[in-house]
């Protein structure tokens, strides 16, 4: 008997409690019973068994309908629509009918209906096996209607009945039982197929479920319903049903909405106000699930040959896909039983996570849908990443939401709340099923448009890529874009369509067409603003500025990168090149045969150098033999940029950005920018006349038409990345390829050591005249461009001719440096390191046909690299001094060092080399 006076609302509310809502607690009488938990678990199994039987039986139904193309295509969506609409109508009606409702009677009736429905289905596999497709389709829809009516009765009755107990654990038992109901039918389906021997590759029953298998399969549902019915009747005998009524204590609680005049009825609006986050979350959870899971799972096939294993047969593999999803779903439902993991008391967070699950839907497109080929060629990806995790999030969120229903309402409202939440759950199922029709239709229309009617449809490219941005984004995230684009160019030619509105070129003529100076009256190809974000102070730097601001900034900054400025900055360059030599000398003196990571040492040197030129002070990486924390953030941000593109291309996901990106990373980004501002202000206030970037910027800003302080701050941060990481990458690549080609390494050493008798003779003017040194660096820029990525531009209004073909306005066009520089159509032996191709004389004749106009490592036109003269001087000086003082030998573990990923810039692994003193006399100070 319920003790009405035992209820007291909680005084303290959780952080994300809806305002003004208190909570009810379990009653002392409602003791936990393992027996009762088991009964509710079994009721959960029977509740969704029927639903999942229809889903997992897809191969059998497909076999019955394969002679009718329309029926075979639409039977799955028809099952979903009939079942969910019927279920929703039933759930809504029952949720409204609360007065004198007998919830146990609803449960009993639903189980009886299921017994009849699945007995008929089982015998239909034998008795009705020869009827027409149309007749069997009609019969199936009647069965679906009956089973859905039973499911609606069952869900309303069970959730309302269990809510009266006031124990979240019992609700969790039901949800876990539902999870088992998803797993077991899939196992039964797989076993029922496997027990029937495969007769041959051409036998119809070798590729689909047989009537015998289907008979066994459907009959198990009857058995489950009978067992659940007997268990429930036993529970009713042991625990007679008593309806919870409103008490005087409830009248005094603000949990009670006094607009509800009927003592037995709680309005749905009242329940929604109290359960709005949980109700919306469970609705969205199942909407997202039903939009994609059943439809795609029934269409995705294995990438492996079915002849190798029966597991790859569609009748087995499709249920296997359902099985993995349902295993994940079950794990999620069980996880909420762990203390502290449930979101029942954190409804706002549950709502946010339910929205975030939309991100799973595009992953299905990477799989082998209808055997058309998989973008991610892996059954493991489909089963473990897509299905398992998608299912786990469904079970976790659904269970959390359903368990929380009794926590947010008064005791007399619990049963109504249970029925209301089941209605919202079914509403999500219905909405998702209907939206699945729209999703399929939209995808079909979008695919057809992109393949045949898009303005770029006449350009070649992989079909999946021309229909969706997802492959492009995946290449970026995987760091494989440069390699994929090269392979696509090798397959399709000089121009490839890699996304619905994106073309990539490798031909030399495209440089001038896309990036070159425009004639008077011609519009400029602008950078795509969606790919660039302003600095934390909201001001654009030179690389993100619009055309007018870029021209103004470039005119003012050019002085800092002129040959005159370079001559005045030479002493600063020598300072850090010599510091590198001395640091390596210290390492050499401390070991007879030291092995060093030259990629790391190159980074130390270039970051310290650019820090001094930009701020008047180094980062002290060389001095401390470690990265400054700000430098490390910059390097990490390069990798993160690939993930940020997802939000740039899909702006509707931006609200999730703050949730998915750790707060401390955003804080570090702001802190790093603030540090650059602090360093720049300190440099400006020093009033020194040393010839660094700042002195030239300030010198040409005195007339009031120069850069604003905010623009100086924004550009200073850009200088550090653009002027350090790219140079360090090139030096690393250059050393690697030199050490892989001993004859070229020896030739360069002989040139350098033969040109300078002592180290003090090395200067920028002299090394600029060393032909083989310059050829080596140029070839390094070709075979290992520091920026291997695309440089996208937007075709201006009116369209333009690119590589002698018209491209409509608004298209994104670019040149992939890596593809252009590694193309055999542009360079002979394109994948070989051949510095001789850049020389005049012996050895260069074979490369006379090279298209040198395709080689623009510092970009082309008005937006080419402002600091290329500084970069060339820096690379020459550092490489010359290193090879004058030391000998290097590549370590075996770095033989394949060049096989790297790229995220706009290279993600370089350690470049381990053995260091030894050169034969020439050295000026190393240790």
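Even glycines carry a Cβ here, placed using N, Cα and C.
Per TrEMBL, the range carrying the annotation transmembrane segment out of 14-33, 74-93, 134-153 is 134-153. The range from 348-366, 462-480, 481-499 that TrEMBL describes as transmembrane segment is residues 348-366. For the transmembrane segment (215-236), the neighbouring stretch richest in Cβ pairs under 8 Å, chosen from 134-153, 173-195, 316-336, 348-366, is 173-195. Remark: the transmembrane segment (173-195) contacts the transmembrane segment (381-410), by the rule of 3 or more CB pairs under 8 A. The transmembrane segment (381-410) makes no contact with the transmembrane segment (134-153): fewer than 3 of their CB pairs lie within 8 A, with pairs spaced 6 or more apart in sequence. Counting Cβ pairs closer than 8 Å and at least 6 residues apart in sequence, the transmembrane segment (422-449) and the transmembrane segment (277-296) reach three or more and so form a contact. Only residues 6 or more beyond the boundaries of the transmembrane segment (277-296), in the same chain, are considered here, and those with a CB under 8 A from a CB of the stretch are 16, 18, 55, 76-77, 80, 84, 271, 325, 344, 347-348, 350-351, 353-355, 357-358, 360-361, 364, 367, 369, 390-391, 393-394, 397-398, 400-402, 404-405, 408, 420-421, 424-425, 427-429, 431-433, 435-436, 439-440. Within its own chain, the transmembrane segment (134-153) is flanked in space by residues 47-48, 50-51, 54, 61, 64-65, 68, 71, 75, 78-79, 82-91, 94, 106-107, 109-111, 113-114, 116-118, 120-121, 124, 128, 426, which lie at least six positions past its ends and keep a Cβ under 8 Å from the stretch. Same-chain residues at least 6 positions away in sequence with a Cβ under 8 Å from that of residue 865 (heme binding site) are, in sequence order, 722, 858, 859, 871.
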